Protein chains: 2
Amino acid sequence: MKPEHIAEMKARARNIVLSVAYDGTAYHGFQRQTPPVTAVQNILEEKLQLVFGDSIELAAAGRTDAGVHAYGQVVNFFTNGTIPVSRIVRAVNSLLPSDIVVKAAAETDADFSARHSATSKVYLYRMQQGETPDPLRARYVWHERRPLDLFRMRQALDCIRGTHDFSAFRASGGAPMSPVRTMYEAVLQERPDHLLEFRLHGNGFLYHMVRNLIGTIADVGLGRLSLEEFQQILASRDRQNASATAPARGLYLYEVHYAGRDLFSFP
Amino acid sequence: MKPEHIAEMKARARNIVLSVAYDGTAYHGFQRQTPPVTAVQNILEEKLQLVFGDSIELAAAGRTDAGVHAYGQVVNFFTNGTIPVSRIVRAVNSLLPSDIVVKAAAETDADFSARHSATSKVYLYRMQQGETPDPLRARYVWHERRPLDLFRMRQALDCIRGTHDFSAFRASGGAPMSPVRTMYEAVLQERPDHLLEFRLHGNGFLYHMVRNLIGTIADVGLGRLSLEEFQQILASRDRQNASATAPARGLYLYEVHYAGRDLFSFP
């Protein structure tokens, strides 16, 4: 947005923030696209305009790629619409398709930005290891037939905890920002339904960083890379050395944190 | 099939049995349809013909409706194809779309029929109760916003255990077979992921019987029907008295049992 346009938007009476979940399979990512290509943002803005009565421009915490899912995407927008906060969730959900759902809504101060106020994010990545893929999970996991060494993958995750230059896991298409990020949490759990679930909590993520990390850590789990080689790839800061990008369908934007703000109070 | 056609098929050298899982969302049910309408059977037969080299006609344990899923559908077919049993699963799965998967294959005697030899079946039905539906489960559960009384729903399930005339829960489109069935198990569990899961194990199921039962039991859970009224509906043997059919997307054909036969030996 141009500065004068931002000022115009901020002059509106209310700043509304939403928590949104979606199945990303049918969409070309979150960020608005030119029709007939459809992104989650196109659908959300169209339905919010019907509910609020003015043109809506969303800012989002994370720009998920095509096929990536979200449990807790956070968006905000400025509006003069008068619908009470308590009625927003049902009103918007009654218009949305079944693969996009607003989980919660709140009104916040004009300075809040879902994107710029975010202090950290949690991404999940889910894999199914087994002889045959589960067709009921085909849209939601990366299937790997061969055995994965969980102990070795957890050792690799230990290497990325803390503050590092993650250039080796950054796709070339990203914005030219600093490649240094801090990873607070990097764990791998076996869920009761036997899926493997990676959980990465960091103060920021570079373009394709989670999927490039998972692709490389999977190679550690398959024995194609040693732990020492993984450490060398991280230290090299060269994308050429890392493995192929893991598929979008296993990735979930799970939570966005805003330090010092309690945006949503659930009953 | 006409009798002479059955004889022709049985004259083939091998009777192959498969365990098949699928996401039924994209298909007009299991049973073969005339193109361009596509059923799971159309896809399976097309791919099996490529692997086995002769025309394939499947018999299936259960004819699931459009949108109904399966974890353990069982099918069999006669063939002169020579591919070893140990290679069938990978060969067929390499050709199938990601929403249909062959889980296991075996060779059996000529008298076995996936449909007629079945002695009992297990269906699951999954509901999500909560304020907002989960968009990542939209294809796989029935969402109910209002609270459901699990104790009362379990009392209703207790009423259907044993041998009953289930005419009250039979859709008009079914074949004119006896409406008496025996329910060995009828339970409701809360899963670790908070979904509600009904499990019905019976020696047979009438057309739409599971979905009509679930629709009526949900009304018991919502307080729209008393337990006594539920018992009266069952005793009335009149479909007019039961509630609306529950949506197809929550239903799963989970297991098919063949007493005295151990079809698949998993490693």
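Placement of Cβ uses the backbone N, Cα and C atoms for every residue, glycine included.
Values in this document were obtained by computation on a predicted structure and should not be read as measured data.
TrEMBL has this to say about the protein:
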type     : residues  : note
ACT_SITE : B:ASP65   : active site, nucleophile
BINDING  : B:TYR123  : substrate binding site
DOMAIN   : B:20-115  : domain 'Pseudouridine synthase I TruA alpha/beta'
DOMAIN   : B:162-258 : domain 'Pseudouridine synthase I TruA alpha/beta'
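Taking only the Cα positions, the spacing between B:TYR123 (substrate binding site) and B:ASP65 (active site, nucleophile) is 13 angstrom. Under the DSSP three-state reduction, B:TYR123 (substrate binding site) is assigned to strand.
Mean per-residue pLDDT, taken over the domain 'Pseudouridine synthase I TruA alpha/beta' (B:20-115), amounts to 96.
Around the Cβ of the residue listed as 'substrate binding site', 24 further Cβ atoms fall within 10 Å across all displayed protein chains.
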